[in-house]
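Participant: Mind having a look at this structure? Questions to follow.
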Amino acid sequence: MAQQASRGRHYLRAFVSGFFVAVPVTVTVLDRIAYVARVEGASMQPFLNPEGGSECDVVLLNRWSVRNYQVQRGDIVSVLSPRNPQQKIIKRVIGLEGDFIRTLGYKNRYVRVPDGHFWIEGDHHGHSLDSNSFGPVSVGLLHGRASHIIWPPNRWQQIKPCLPPNRGPLDTEEEEG
């Protein structure tokens, strides 16, 4: 009986010490490396949430890859909303600092993206609160880059950067045309 009580205390101590190691490691991983996020709404359709309704895609947000604020055109990123810092939004990077962008309903028809900022848009323009509403976004609001769709299982895939047709900086469109 005494051996069982001693063994029980040993297991309890091992569990508690493992817990106090696992929690900081998990928090560090989620804060610095990556975490999963549910994508809700229609703003990124048809690429994310193509079915709409109650089915939501879940993406892996890579925090490590944006630690130096390095993104490229076509990346899907998570940023703190410039309108509501308590909310994170997921949009596609259309332009980087120094790019000239033809906007879709912003107060100016053409915008030069200032240093330290980028231009983001949802793929479903009519249903997206993005740079066309609030302007260029500071890179300081960058939270992560979506690297994979991990749910639902039939949509598992790596997310590669790509720009929607007719979007992107004016210089790029002129070179292609």
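Quick reminder: no glycine exception, Cβ is built from N, Cα and C everywhere.
The active site annotation in TrEMBL covers SER43, LYS91. TrEMBL lists 14-102, 107-151 with the feature domain 'Peptidase S26'. According to TrEMBL, the feature transmembrane segment maps to 12-30.
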Participant: So what sits near SER43 (active site) in its own chain, CB-to-CB under 8 Å and at least six residues off in sequence?
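Facilitator: Correct list: ILE89, ILE90, LYS91, GLY122, ASP123, HIS124, HIS127, SER128, LEU129, ASP130.
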Participant: Residue counts in helix (H, G, I), strand (E, B) and coil for the domain 'Peptidase S26' (107-151), per DSSP?
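Facilitator: Taking the domain 'Peptidase S26' (107-151) as a whole: 10 helix, 20 strand, 15 coil.
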Participant: Ten-angstrom check, please: count other Cβ atoms within 10 Å of the Cβ of LYS91 (active site), all chains counted.
Facilitator: 25
